[in-house]
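If you check TrEMBL, you get these features:
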- 1-26: region 'Disordered' (REGION)
- 40-84: region 'Disordered' (REGION)
- 47-56: compositional bias 'Acidic residues' (COMPBIAS)
- 71-84: compositional bias 'Polar residues' (COMPBIAS)
- 111-353: domain 'ABC transporter' (DOMAIN)
- 459-479: transmembrane segment (TRANSMEM)
- 491-512: transmembrane segment (TRANSMEM)
- 533-559: transmembrane segment (TRANSMEM)
- 565-589: transmembrane segment (TRANSMEM)
- 596-617: transmembrane segment (TRANSMEM)
- 683-704: transmembrane segment (TRANSMEM)
Amino acid sequence: MEEIQSQSDAYRSSSSSASSPASRVPSSHFFYLRKPGSLRQPISFEDSPEWEDTDVEASRGDEGGGGDTINVATSASPSLSKLNSGSLASPYGSYILEGAALPNKIAGASVVWRDLTVTMKGKRKYSDNVIKSSTGFALPGTMTVIMGPAKSGKSTLLRAIAGRLHPSTRTYGEVFVNGAKSHLSYGSYGFVERRTNLIGSLTVSEFLYYSALLQLPGFLFQKKNVVEEAIQAMSLGDYANTLIGGHCYTKGLSGGERRRVSIARELVMRPQILFIDEPLYCLDSVSALLMMVTLKKLASSGCTLIFTIYQSSTEVFGLFDRICLLSNGNTLFFGETLACLQHFSNAGFPCPIMQSPSDHFLRAINTDFDRIIAMCKNWQDDNGEFSSVNMDTAVAIRTLEATYKSSADAAAVENMVMKLTEKEGPSLKYKGKASAATRIAVLTWRSLLVMSREWKYHWIRLVLCMLLTLCIGTIFSGLGHSLSSVGTRVTAIFVFVSFFSLLSIAGVPGLIKEIKIYACEESNQHSSALVFLLGQLLSSIPFLFLISISSSLVFYFLVGLRDEFSFLMYFVLNIFMSLLVSEALMLLVATLWQDIFWSFLTLLCIQVVMMLSAGYLRIRNDLPGPVWIYPMSYISFHTYSIQGLLENEYLGSTFSIGEVRTISGFQALQNIYDISSDTNSKWSNLLVLFLMAVVYRFLVFILLCRKSSLPLISCRCKRVDTDFAS
């Protein structure tokens, strides 16, 4: 750690001497030029051409005391803000950090990427190379930000460094962790996606605790301590017992608080490196500032932070340690944030007063501004020209890139990269996982808890099933047991099975939410397809059995079926197996589409076709051979469910015709529905339903494995020569 810090100081001194101007431009229109040798000093935002010295004092309490505090005080009155890469001289920063407990120390790791090139054919219209020969590094205890306009390759570079690119991409170059070309082991790093799915019916502490159970081996009390540390690290102590929200019309946490919860989920592993894709995504200025101050506090514990960002305020910009500026996959600058301001000045694009540095950077390198300028070329504001950058963006990008490549800043980066990779440091250790059995138990219990709270997806479905059963039961009540009632009784059973399975489509939104949560957890190896399917099955069994037994009892006694307990239990078991098949079919379609509208439409079509080929509207033997008999009538679970229920009801029973003649129940059904005369055939139908449920879930397993876009081995980058890369 001391060696890395000394190398960082050497790089900082070389970068400072390389980019400090010999003399200041005497103009009151630019605020960003540094005083020679003052890279770490705040930049004055005053209108005066003279520099104002500002004394910044930061005091941190001892770790052994109560709560560590950071007090920021300035002797100068900030007219706009103060930029300092080491601290935030702002009234917001003083307020937020006061009394905040600093997280426990983490042994961070250095990350170096050299000549990293990513090819994704057809992804960008300008080139197949999404990232072009990017070089940079990130050190423990610092925040390194990848900044650039939309579609500049920020997320692709972040994923390339973390080793999470899609297998279809080609990656060239080298990535080093602590000086060694090794992959990032499980638990040594965390990755937070731009859009994460949280469980709104859980509190913050419950959500993080279940996440810890999924990720960590060890005892329960140890995981509770880890969860409390993650909550304090992300300043979520006031919301620990608050529902995350977003379900059943509950408001819950704000966008910034939810974003911090998603980051805290990765912190339960105490990762040495943390990758975050757009931590300020969809956040307002206050939430963004609070987020970055919290991340700055996390970095102070020793963790290596690398994240992407599109745009930031002046206060937020002052918190960054290093910046990697991208445009169209090209690296326009890498170095300390204040040196980036000097780099733009050296290239001929000084930042005007009263303009945020990040706004100025994006204005100079975002090609979309060319169209805006073309549309507004006749407009002028009070200060004259519409834009301070008076050339095409493409020219500005080429100028900035050429200036950086020939600058001493680029040479300093190369020198630092060489020092960080010349000797291997300690490798990141594998921290171990929770066992598969533990994960299945955790997912089952968590799903049961979610089901008990989300009444919109589960309890309303139970109420609707009961209402449907009451409607069907009352319509077909009082049929009696005569031969004339056989046809009507078959109709009642067909309507009950068909509409009952059709109503189960109401569970699609809940399944899609579970699939999205699984995809988020699987991307970070917190879960797997088999664990998810078994946990989802075990948690759904009590709910489906509750629906089956409550609806079956109401229908059975209202219609007046055979008054024997064994027949009643078979009826309940048959309906339960039908619901299991329907649930597996819904899971398959929801996994395929992952969209509520298309899932509803597909399931509705499938259910209607299965109802038509079930053998009630026309006996199965009389259906047209192609398509309707083979294969539709054989893959319709309605066929086996109805056939089993009718065999349960009529096999072994007799009906009198006149005073002498009697016929069996099988004979009574010959012209109404096709059943088997074997008394054990109803159990065969039950077995077929069970196998169909297994087959559907096996198809879901295959689909989940194929849809998994995360390579389990990180960053298989190979060094290739220029001829092969081209």
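In case you wondered, yes, glycine gets a Cβ from its N, Cα and C as well.
Curation plays no part in TrEMBL annotations; they are all automatic predictions.
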Top stretch by Cβ pairs under 8 Å to the transmembrane segment (533-559) (candidates 459-479, 565-589, 683-704) is 459-479
Taken over the domain 'ABC transporter' (111-353), the predicted model's pLDDT averages 87
Six or more residues out from either end of the transmembrane segment (683-704), which same-chain residues have a Cβ under 8 Å from its Cβ atoms? 518, 522, 529-530, 532-533, 537, 570, 573-574, 577-578, 580-581, 583-585, 587-588, 591-592, 637, 640-641, 643-644, 647
